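Worksheet: one structure, shown below.
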Amino acid sequence: MEVEAAEARSPAPGYKRSGRRYKCLSCTKTFPNAPRAARHAATHGPADCSEEVAEVKPKPETEAKAEEASGDKVAGSAAKPRPYACPLCPKAYKTAPELRSHGRSHTGEKPFPCPECGRRFMQPVCLRVHLASHAGELPFRCAHCPKAYGALSKLKIHQRGHTGERPYACADCGKSFADPSVFRKHRRTHAGLRPYSCERCGKAYAELKDLRNHERSHTGERPFLCSECGKSFSRSSSLTCHQRIHAAQKPYRCPACGKGFTQLSSYQSHERTHSGEKPFLCPRCGRMFSDPSSFRRHQRAHEGVKPYHCEKCGKDFRQPADLAMHRRVHTGDRPFKCLQCDKTFVASWDLKRHALVHSGQRPFRCEECGRAFAERASLTKHSRVHSGERPFHCNACGKSFVVSSSLRKHERTHRSSEAAGAPPAQELVVGLALPVGVAGEGSATPAAGAGLGDPPAGLLGLPPESGGVMATQWQVVGMTVEHVECQDAGVREAPGPLEGAGEVGGEEADEKPPQFVCRECKETSSTMTLLRRHERSHPELRPFPCTQCGKSFSDRAGLRKHSRTHSSVRPYTCPHCPKAFLSASDLRKHERTHPVPMGTPTPLEPLAALLGIPEEGPA
């Protein structure tokens, strides 16, 4: 919508005398001030272009009076030619200044800054309307939240966020909108008017400002800074939503459960949890989603598109948030700190998961065996032991696995064999220590392994005083794939090759090609454990030195763990005795030395189910 400002010597009937007048170029109505002109501009239908204001030379007083007397302002305006056509959209204008003013809506140029807050505007009349907000001229106040507006039309658009009203429906796709300007922008997408494309990922936009916002997701630029907490954002709208958290403002409240939200989109997604509505359908797999962001993220998984690129290491990501989190690995930024042990984390959910270690909470309990877990994902993996579900399948050989990490380890055997030009050698289960009498029938069990020693009784879930063969002697099991069969699912499986395969497995294990390559000298190792042991000889791969003793580490986590040896901090306390430990893994090892009540699930139970070992009590 375009509104022109004109000089007038006499006011229109019913208005105060004013030196400037504002005229609508769609219907040629005139107004005595900018706010009234802007309110009127919003009343025109969605077919008009986005709100623009052009300042032109004033008409003579006689011509203005003649037009008012004739009452034929609309016809007179429509009869004039519009020789200045926009090359980016179908609009045309009578004068070159009007076209230049309109062109700012495509380029995103905002040459008129607010002297109070620095906000910039495309047109001077929009700046004048904005300045009224600094002067306190906000007569239109929302009844549902503290927001106020200088124009009634803006208040009506805002109130639709509370009521859920979306009167502007797209005839092509059915999508509806509350704001007519957003609806007009959406209509351009159907017209194919997306002249601004991203050079990195090819995504196209109808407006230059939208492209600029998108480009920040690639560059990581976040120019909008919160004055309260220092957090930065790539969009001003994101900063506005964030600032509501500090102000404790949640203007969007669910009528069903009373929960409040800072953003309209979050409120709308929440509403679907009550209705069960999932309007976003994936055409490839039929999966449905309740919010568009989850749907877009799911689609990228099908397409394999990872448009967000890390400049330092070359890694690609599907989401800008994932890239932002990954960048903390390079910068060392770990903003989430545990208040009990001073450990820091890259992501908030890592801190929440870590906090369960101190609290001892395990809210997710297995209904089959009673074992409890700190995370729902761990319970889901554990439940597959009971159900026999193995949802992760190898595309090369058809083998199935309980967890995705096991599938990834298995797939490496195919890749290494293809690189060596030979079929994969027969896999072995080697070096797996099991007590005598537990290996099951039909398994080839050689003599007891020398030097293994007696296992701690707690590792097998047995009290020290309980005798029997299960707590006295261990053997090394070396059996080929045909000996490993799950009795529940009937799927044969073996873990990847372990250390010592050449000693027990015979000649076939020697034929297996190396899998892991040193980053520094390209020397190959058959296992990741051997590779890590070898890489310790390269000081270049251990860039994190201890300032107290000079010992260096390959990662920051190893340095933090080592630093505790110089201090008295031992954050992990045993719930059964007063002992404390430097790490959670040391605590778990120690807990196994305590007697375990009969029938308590132990870490060996999933392994026993995998190998088809019958569940028996201690002898």
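Placement of Cβ uses the backbone N, Cα and C atoms for every residue, glycine included.
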Of the residue ranges 34-79, 218-263, 356-401, 540-585, which one carries the region 'Disordered' annotation in Swiss-Prot? 34-79
As Swiss-Prot has it, zinc finger corresponds, among 493-515, 516-538, to residues 516-538
Let me know the most crowded of the recorded sites, choosing from Lys80, Lys154 and counting other Cβ atoms within 10 Å. Lys154
For a quick check of packing: other C-beta atoms within 10 Å of the C-beta of Ser387 (phosphoserine), how many? 11
Separation of alpha carbons, Ser387 (phosphoserine) and Lys154 (SUMO2 cross-link) (Å): 57
Measure from the CA atom of Ser387 (phosphoserine) to the CA atom of Lys80 (SUMO2 cross-link) and give the result in Å, rounded to a whole number. 78
